[in-house]
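> Copying in the features that TrEMBL gives for the protein in this structure:
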{"type": "BINDING", "residues": "B:114, B:115, B:116, B:117, B:135, B:181", "note": "S-adenosyl-L-methionine binding site"}
{"type": "REGION", "residues": "B:249-287", "note": "region 'Disordered'"}
{"type": "COMPBIAS", "residues": "B:271-280", "note": "compositional bias 'Polar residues'"}
């Protein structure tokens, strides 16, 4: 099978360390492939080792003992040969006895290692009402049983589409209920593309960051602004970007934004905590008076380790300082090409603070799960100026079941996928500060006003 | 300026978007010596545009002002000259995400139409991807090609003037994604499949009518496509306004303690609640009318051969 593959599939093979997406039916799970790691997915457990070396997009079956086996794709064989079907359900009575197999019987079949398809066939053969069901009802029955007993796993390369759908289904709380169609709007309205310099502030587990990085393709730079001690990137890591993508990623703590704006950011700043810990360590040492040579040796060893650790810490700190300096340098130009905000924080102060780093004529997009904070942002931006084309939107997503004679919207739809405020920056107006309210008025009106005042002047 | 790269300063030959206020914009091509008339007066390209920064305010001859904006596919979509019905940003955004487009993607599209989606695709797949777009209408194909040149993206796109249902996309086994916006997409599925990479890819078909979707889905199933999914996305724009809700007058409250207190406070018995007859609040309201349907988007995955 391997020989017949010749299109750039070297990168298309699964290897250890890869971040992959497992798919069963419509359910996704993101995992990293590791040696002999047990993975639990959809109430089944297995090891991914056998998948290593196989191509992405391959379908697997789970065998006893949790090993994966390539699924041999036989052409769809009809489960029922007889095309016997009822017209309607007037004679179908729900007496709870239509299935002749008991729960124990089914368990036994499973233990015998019967294939999913064979179990489904057994269920159909032992259903007394199956032949009386309508053709459509039969199809639905088979589909339902297949979903339960046939458990193929497909291993896919991660993408924004898969991860955004996965997060939305599995952990919407972690991504502030950002629905994938809303994420799609963010990326498009933000004009995210290769070569730009984009500022991202998100608390969506790193999903938004990852999707921005995917659209930039490793060209340009992304500055992630983060709250608290450090940036969250689990979602971004799940994309499994090549290492050169990471070189374009910078980070800057939100708590230093004011200092940066005021020009008082001290880059030589020492990390206070490390200084304290060093002092603490040295104190008990000076108290020791033991002369036991073994104790002495142990102490020397401890000291050596301590020094090593201190050295490592120093290197790390130096790295951290360098990273901070490079992010600060990128921000200081105040010429970013875009701003994306999607967080659980109140968006208003974030937007007002970070918009200062964006060049004129660039798009910005703010996501919020709720509408009211964005109304506030809108009002504030209108007052302050510096932005045009403000739009407060949300989108509505409906899925359809498309089947012969059975096409209709699916029964359940998502109630809401959050709200967006988007707009374009413009050059700050010098006259604006003096004359804030006047320039807020529509242009035509202002013209009229100016005319009136000038005619008044001339008449006077 | 280019549709795939930002620049700071306006130069000769650039396409700029003039923002006139309140959703009113116009695209213009910058040429030294040229003039553009707006309702706020004339804009002289040499003095008002060339050498200015994108995003700056330009004062026109009558004293009014406009902003000059850097072009983006989204601004182009609302300003482009229509040769056909076009796709708008909401659908485009979902198509881009669901087709998994990114820098380096090779994409097939038909028809090119007015090039609204094309510009967006080009922005996303640059600098290493390529768009193969097929338009059976010779004049439209020609016009699209000319626009791509003016917008400095022609190195990323090949326009073919042929019938996609008969002649396909003109390429084999190199596409990551295919997009169809034609009246009979089911007739192009075979060609779509052969254009796509052996390792598989994504397909999207846009159709306004459910009967078209029905036939397309059947064809996709027949050709072994998987993950077939039809959806519809609508954008709701909220108008931010201040509204005032008047408070009803129930008359004076008989014998109640606070009513008498209020009366004594205000010192006016005939008109209680003066100055407090309405509540003002900031709200967002939906527009009176909105686009209720653009088209159904059908997505599918071509599995590995």
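From the backbone N, Cα and C atoms, a Cβ is placed for every residue, glycine too.
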> What other residues of this chain sit with their CB within 8 A of the center of the CB atoms of B:114, B:115, B:116, B:117, B:135, B:181, the recorded S-adenosyl-L-methionine site?
B:84, B:86, B:87, B:109, B:111, B:112, B:113, B:118, B:133, B:144
> May I ask which residues of the same chain, at least 6 positions away in sequence, place their Cβ under 8 angstroms from the Cβ of residue B:114 (S-adenosyl-L-methionine binding site)?
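When sequence neighbours closer than 6 are ignored, residue B:114 (S-adenosyl-L-methionine binding site) has B:80, B:81, B:82, B:83, B:84, B:86, B:140, B:144 within Cβ distance under 8 Å.
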> If you draw a 10 Å sphere on the Cβ of residue B:117 (S-adenosyl-L-methionine binding site), how many other Cβ atoms land inside?
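Result for residue B:117 (S-adenosyl-L-methionine binding site): 28 other Cβ atoms within 10 Å.
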> Including all protein chains displayed, how many Cβ atoms other than that of residue B:135 (S-adenosyl-L-methionine binding site) lie within 10 Å of its Cβ?
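There are 27 of them.
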> According to DSSP, folded down to helix, strand and coil, what is residue B:117 (S-adenosyl-L-methionine binding site)?
helix
> Using a Cβ cut-off under 8 Å and a sequence separation of 6 or more, which residues in the same chain sit near residue B:115 (S-adenosyl-L-methionine binding site)?
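B:80, B:144, B:147, B:148 - these are the non-local Cβ neighbours of residue B:115 (S-adenosyl-L-methionine binding site), listed in sequence order.
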